Amino acid sequence: MGGISGVYLHNKEVFDTLIQSTFHLQHRGTESSAIDTSQSSNSKKIRPGEVKKVFSERDARDFRGNYGVGALSGGTAELMELSSSIGDFSLVYDGKLVNSKKLREEMKESGESFSTVFEAELLGRLISKGEDIIDGIRKMNEKVEGSYTLGILNDECLYVIRDPYGIMPLVVGEGEEGYAFGSESPALTELGFTDFRDVRPGEILKVSEDGVETCGEMDSNGVAHCAFEWMYTARPDSVIEGVESTEVRRRAGMYLARDDHIDIDKVGPVPQSGIGYALGYHQESALPYEDFFYLNRFSKRSYIPSDPEIREQIAKEKLSVIKSSTKGREIVICEDSIVRGNQLLRLRNTLKEKGEAKEVHARVGCPPLCSPCPYTQTTKKYSDLIYNQCDGDIGKVSEKLNLDSLKYNSVENLVEAINLPSEDLCMGCFTDDYPI
Ligand code: SF4
């Protein structure tokens, strides 16, 4: 998982605004950050760690200029600099190509060599084959399959591109100081670029002193926005395709309660991503809402690191039970999704053993995760998913997690909560049916 950002300012150094904008996407990846600017003299553009920790005020001297791009990742942030017949450019990328291995091998066979293993380099080399940047982007798009969001910086301007399926979110906007783009709307709105819109699937935008201009549209066989963005990945205040994540999560929580008939005392979230669902459940059921956990805000997001031991350690230190809320009570906890089930099992045990809860029921905002995502950087396999380990039997999942009961939202409820046509959504990880 990762994100990209870019800022173009009128007559002002971009460094501070670019760092700030990228920081508002930090939840999409904390392992590595990257930036480049129009007059950069620093060769260390990709650095391990969170953006504000690894790019300090001192770096402003080296990252000069009034426009720039940024990237973040749970692995290595993908920023690539290329020199080519269409000029020098830097490219930031987030996504995942399903045919990158094949393309790379074909290009190697025809004599090309690569200096990295990153897809950003592959995309950059494909773009370099064009007669100019726009032609190169079109040619690249004819070759690749998968999801991509791209920002390109050259000596004249920025370009912003979203794949023709529009799988990952990407927004562009303007404010008094200039223009910006980013994987999620808070990267813009928090900095005053409040007049924003989604980059259309397949749209190629040029961002320069003259404004934001559409300079190409690539054909699409249909759109497939990632449903999981609203349900988990995006910030609660992110607006994607005109729909705010919290709104979707709250509706999904209401639908969980609408279809539930259980006699319990109160409902609470697994923080943070379960909050919207628990609020919705509370509103629909009229059950008291209460916090059962203290969230240690100095812990990282446990989904992001690929190392299972680190993930486990972070998850362990992240949440502590608030015993006065749980002792002797029959409670429902709302969670966004269940991947392997380790975290939910640990929380259930904490609630029962340390919190002395009488009954623990879990309600899950997403439908069961049954397939890994081919369009984001993930280490998950079919066999990792608890739903598959239990042969798709929710009763067995509940038993494995020692829960008093377990319910998931249906795919129909998910679509209703997002409130977009189902044919415009990718729900592959819930349905095993992929758009590409
Ligand atoms: S497979 Fe799942 S996570 Fe991947 S793009 Fe589709 S909905 Fe999103």
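Cβ from N, Cα, C; glycine included.
If you look up TrEMBL, you'll see Cys226, Cys373, Cys426, Cys429 marked as [4Fe-4S] cluster binding site. Classification of Cys373 ([4Fe-4S] cluster binding site) by DSSP places it in coil, neither helical nor stranded. For Cys373 ([4Fe-4S] cluster binding site), the count of additional Cβ atoms within 10 Å of its Cβ stands at 19 [all protein chains shown].
Summarising the annotation, TrEMBL assigns domain 'Glutamine amidotransferase type-2' to 1-210.
When averaged over the domain 'Glutamine amidotransferase type-2' (1-210), pLDDT in the model lands at 97.
Here Cys429 ([4Fe-4S] cluster binding site) comes close to Phe228, Leu369, Cys370, Ser371, Pro372, Cys373: these same-chain residues lie at least six apart in sequence, with C-beta atoms under 8 angstroms from its C-beta.
Within 8 Å of the Cβ centroid of the [4Fe-4S] cluster site, not counting the listed residues Cys226, Cys373, Cys426, Cys429, the chain contributes Ile167, Ala227, Phe228, Tyr375, Thr376, Met427, Gly428, Tyr434.
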